[in-house]
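Scroll down for the structure; my scribbles are underneath it.
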Amino acid sequence: MVAGSDAGRALGVLSVVCLLHCFGFISCFSQQIYGVVYGNVTFHVPSNVPLKEVLWKKQKDKVAELENSEFRAFSSFKNRVYLDTVSGSLTIYNLTSSDEDEYEMESPNITDTMKFFLYVLESLPSPTLTCALTNGSIEVQCMIPEHYNSHRGLIMYSWDCPMEQCKRNSTSIYFKMENDLPQKIQCTLSNPLFNTTSSIILTTCIPSSGHSRHRYALIPIPLAVITTCIVLYMNGILKCDRKPDRTNSN
């Protein structure tokens, strides 16, 4: 009987722990949050119980504190943060790159420390599309401008066109010149906050061959004229740069 009640209590404790995990009251890992430079971001705390004491920290440094109903913000966060005294959620305004870090919230009313990792991103620029001919194929590359250095590792690539190649999530794709080429292809860059798209017309990647064909076709014409002139001159029919003999036979 005792064993049965112990098992029941253990099951009950396990159920409570699972519920706490589900509702976010126990946090073993940092929740990833994304914000944009000069924007704002909120660390949401799932609590409906009014909190009398709250401490927010960035690593080991204090960010904001609520104690005895008195709110204080610290260092560079002064006049840039708002604390919801009911839930404990913290909002940071006018984000800068230096705000990026791990934040944690502590309160006697919450079982464990809440942790968040903030990524501060810059607006995503439009991609640059270039193309080149390589061994009978057209290579199209989608590139990020060199000056953009904000979390390149978070950027994903996607293509849009009716061909199989566009299903790849890579920085470059290839098209055979003998295939029916799509009129336009698009490349999209995306990260957790932004996406931008650029397009290119594939036919502009192929150099025009019409002028080269006419140029090469005209080459034999002057050669034929020169050859004919030489043959006629050698046979005495055409005399170049010679005046006729006007001496009187008398």
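Any Cβ shown, glycine's included, is placed from N, Cα and C.
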Record Swiss-Prot, residue CYS187, disulfide partner from CYS142, CYS161, CYS166, CYS229: CYS142
Glycosylation sites compared (ASN169, ASN195) - the one with the fewest other Cβ atoms within 10 Å: ASN169
Sparsest-packed of the listed glycosylation sites (ASN40, ASN94, ASN109, ASN135) - C-beta count within 10 angstroms: ASN135
Rounded Cα separation (Å) that holds between ASN109 (N-linked glycosylation site) and ASN40 (N-linked glycosylation site): 26
Reduced DSSP assignment, ASN195 (N-linked glycosylation site): strand
Mean of pLDDT values spanning the domain 'Ig-like' (30-121): 93
